[in-house]
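Copied from TrEMBL, the annotated features are:
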| type | residues | note |
| --- | --- | --- |
| TRANSMEM | 7-25 | transmembrane segment |
| TRANSMEM | 93-114 | transmembrane segment |
| DOMAIN | 93-348 | domain 'Ion transport' |
| TRANSMEM | 126-149 | transmembrane segment |
| TRANSMEM | 161-182 | transmembrane segment |
| TRANSMEM | 189-206 | transmembrane segment |
| TRANSMEM | 212-230 | transmembrane segment |
| TRANSMEM | 314-336 | transmembrane segment |
| COILED | 409-437 | coiled coil |
| REGION | 441-476 | region 'Disordered' |
| COMPBIAS | 467-476 | compositional bias 'Low complexity' |
Amino acid sequence: MIVSFTAFTLYYICFVTAFTLRPIGFSTEMLTEGWINRYSEPFPGRYGKNSTLQQVKPVINATSRGLVEWSEPLSQCHLRNYWDPDIPFANSYIRLVFELFVVIGICVQVFLDFRDIKRIGRKKWWNVLTAFPAKITFKLTYFLVLAMIPTRLACDLSPVLLVVDNVLITVTMIFTTVHYLYYCRVIRFVGPFVLMVYTIIATDIFRFMLIYGIFLMGFSQSFSLIFLSCEREANVIKKLITDQSEASEGSDNKFNLTRQISAYDTAIVKNAEVFENVMQSPIEAFVRTFILTIGEFTVLYRNLALCPANTMVWIGKVVFILFELFVSIMQFNMLIAMMTRTYETIFQTQLEYKRQRAQVILMLELSLSPKERHQYLLKYSRPTGTNKKTRSLVVSKKSAFSRDSKKGQKVLEEKMKKMIEEKKAVLKRKMKDMEIKEGIRPVTGYSRTPRPHTQYMNRGAGGGANGVQNGNGAAH
């Protein structure tokens with residue numbers, strides 16, 4: 001375990017170093033098309049290379065070429081051009097060395113995984129791996145790192161590949177860091193909490209999201225329709241105001257428009273002028289409703305109050321109250337209750353970290369040969385019961401009852417009886433072995449020849465003769 005942890009730490013140091021040495025300024029320059037240069041400085045003015053140039057293009061101060069107009073080839077392939085003189089030495093050649101270490105480490109790990117799969121079988125290897133989510137995410141980084149190689153080599157094809165490379169390295173960084181949870185499971189004061197996180201995500205949050213997604217989808221589309229109706233009414237009033245301002249003075253058209261606007265309340269006209277639809281599309285409505293569940297409802301409720309359609313205002317308020325009751329209050333408290341139950345169930349188990357340690361050891365043993373595995377087994381385990389061949393790690397669980405109760409005393413008595421029976425069996429076996437060694441008791445079982453042991457027969461015959469002589473003496 002220590003060897004595995006040390007090897008991963010060295011790999012992680014190389015990975016983080018290669019990540020931090022990436023020339024981020026060149027990526028910013030590429031995304032902003034030169035308006036924020038590689039030195040994180042915004043372009044100061046609207047001018048080109050010289051005063052006669054009419055095109056509005058930023059100028060980049062390239063160290064090797066001086067002032068040049070920005071173009072995509074200047075920063076599109078900066079991650080691949082390690083030999084570019086404009087890139088600092090640490091961000092080019094030193095980064096190349098650490099990236100090579102990372103690729104070599106990935107290749108070695110892939111080779112070891114293929115060897116383990118060949119040794120124990122693909123199905124068994126996957127069944128063991130599924131017990132460690134952090135291990136699965138770490139193994140996904142193998143493919144992400146290897147996918148960066150063709151992406152970086154083909155950077156000349158499109159600037160989008162630079163974005164893809166940045167996304168891959170960001171996801172890889174997160175998944176690689178999460179792998180430390182795999183080793184935290186063996187620590188006494190951290191291991192149970194790691195298991196709690198896994199269990200809560202896999203069971204409680206998954207079930208909650210199934211129910212929450214149904215409510216979220218329904219309420220989000222309801223809010224979308226309400227705001228769409230408000231937007232239509234606001235557009236009608238805005239159009240009347242625009243047409244009124246454009247109409248000529250004293251015309252019948254302006255008189256009719258003024259009369260139509262006067263039919264609305266003054267507050268409704270003012271609200272229509274400042275109303276904004278914060279749910280322009282169903283996807284935006286879905287996101288906005290999700291933000292609403294975490295308590296950020298100021299924007300939505302303020303724009304709902306500015307809706308020029310009074311009917312939609314009241315409908316929207318009713319939907320808002322129902323959403324807060326059935327989602328923000330009821331379902332989130334239900335999620336808290338489920339997570340609390342999971343936490344208490346795991347917390348009641350004493351020495352849970354030992355069970356986690358045993359699982360990590362079993363995972364690490366997959367990369368060992370059977371002979372090495374047996375040697376390590378003898379080191380970290382101990383015999384259980386009277387059978388010396390049965391070895392295990394003992395995990396104690398907290399009893400759900402007290403020792404002073406009748407149920408607790410009954411369980412303790414049963415345990416004591418079982419221990420006494422085991423000790424009697426061990427003592428009986430030792431006495432039997434001792435009698436066989438001293439010759440007092442004949443050896444039972446199968447021997448190589450069916451011939452009986454004559455030493456016991458002679459002893460019996462001698463004893464019988466002595467008895468006859470003693471009897472004759474008594475008769476005389």
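Positions of Cβ are set from backbone N, Cα and C atoms, glycine also.
Automatic, uncurated: that is what TrEMBL annotation is.
The average pLDDT computed over the domain 'Ion transport' (93-348) stands at 85. For the transmembrane segment (314-336), same-chain residues at least 6 beyond its ends with a Cβ under 8 Å from one of its own Cβ atoms are 204-205, 208, 211-212, 215-216, 219, 222-223, 226-227, 230, 289, 292-293, 295, 297, 300-301, 304, 307. Away from its own ends, the transmembrane segment (93-114) comes close to residues 11, 14-15, 17-18, 21-22, 82, 125, 139, 141-142, 145-146, 149, 367 of its chain (Cβ-Cβ under 8 Å, at least six residues beyond either end). Long-range contacts of the transmembrane segment (7-25) within its own chain (CB-CB distance under 8 A, at least 6 residues past either end) are made by residues 37-40, 78-79, 87-88, 90-91, 94-95, 98-99, 101-102, 105, 169, 172-173, 176-177, 179-180, 183. Listed by sequence, the residues of this chain that lie at least six past the ends of the transmembrane segment (212-230) yet keep a Cβ under 8 A from its Cβ atoms are 275, 277-279, 281-282, 285-286, 288-290, 293, 300, 303-304, 307-309, 312-313, 315-316, 319, 322-323, 326-327, 331.
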